[in-house]
Amino acid sequence: MAASEKLEKSISTIKYFLFCLDVVTFGLGVTVLGLSVWLWVEDEFSDIIDYLNISIVYLGLYIIMLKSFLVVLVSLFACAAALLENVFFLLINSIAQLVLFVVGLLGAAVLLTFTTVGSSIQSDINNSMVNYILWYPNSDWANGRLSEIQENVGCCGGSGPNDYVTRWKPLPTECRDSVTGNAFFYGCMDEVTWYLESRCYWITGLTLLLCFFHVLNAVCSFILLQAVRKEEEESGGRYK
C-alpha cells in the first residue's frame, strides 16, 4: 500500500512538473515565432537581404519559424498528455519532442552558418557591393542601393573604402561618418555580417534553449509513461 501511494505521489509530481515545463515551452515557442516573423517582415532587414542577394539567410529563419509554430501546437498537446496520463499520448509526445529537438538544431545551425563572420555569405555580400560600385555613380539604381546599405549599416564598399579608390570612384557621402567626416574603416562584408548576427542572436539562443527543453520534456514524458504503465500493472491493468 505504501509503495502504491509512493508511486502515485511520484506520478503526480512528474505530471505537474511536465505540465509546467510545457507551459514554459509554449511561451518560448510563441516568443521565438514572434521574433522570427518580426525579423522576416522588417523593412530594413529584408531590403538588405534583397539588395545583397543573400536570401539564403531566410532558410534558417524559415526552419525556425516552422519549428516554433509546431512547438506551440505540440506544447498544447503535451499539456493534455501529461494531465490525462495517457500512455499513447505520452509516447507520441516523447517522439514529437525529439523531432522538434533535431529540427531546432538544424534551424539554429543553418541560421548561424549564414550570419557569422567567416561564413560563405561574406563573399556574396562583397561581390554584390563591388557590382554596385562598378555602376556607381552613373546608375540611380545602384546609387540608391549603395546609399541605403552603407547609411543603415555604417560601412563603406565591400571590403572597405579601397573598393572605390582602386576603381577611381569618388567616395559617396554615406561612406563617411557624419560627425568626423572620416570614411568608415570596415567594409559592408564585415559590417553586414555583424548586423545579421546581432539581429539573429536572440532567435538562435532561444531556439537552442528550446532544444534543451525538448530533451528534458521527452525524458520526463517517458518517465511518466513508464510510471503510469507500472501503476496500471499493479492495479490489474485498469486505466485511470
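Just so you know, glycine gets a Cβ as well, placed from its N, Cα and C.
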Member of Cys79, Cys155, Cys156 annotated by TrEMBL as disulfide partner of Cys188: Cys155
Leading stretch by Cβ pairs under 8 Å, where the reference is the transmembrane segment (98-121) and the options are 16-41, 61-91, 201-225: 201-225
Beyond the flanks of the transmembrane segment (61-91) by at least 6 residues, Cβ under 8 Å: 11, 15-16, 18-19, 22-23, 25-26, 28-30, 32-33, 36-37, 39-40, 97, 100, 103-104, 106-108, 110-111, 200, 203, 207, 210, 217, 221-222, 224-225, 228-229, 232, 240
Sparsest-packed of the listed disulfide-bonded residues (Cys155, Cys156, Cys175, Cys188) - C-beta count within 10 angstroms: Cys175
Remote residues contacting the transmembrane segment (201-225) - C-beta distance under 8 A, at least 6 residues beyond either end: 11, 14-15, 17-18, 21-22, 24-25, 28-29, 31-32, 35-36, 39, 61, 64, 67-68, 71, 78, 81-82, 85, 87, 90-91, 93-95, 97-98, 100-101, 104-105, 107-108, 111-112
Where Cys175 (disulfide bond) falls in three-state DSSP terms: helix
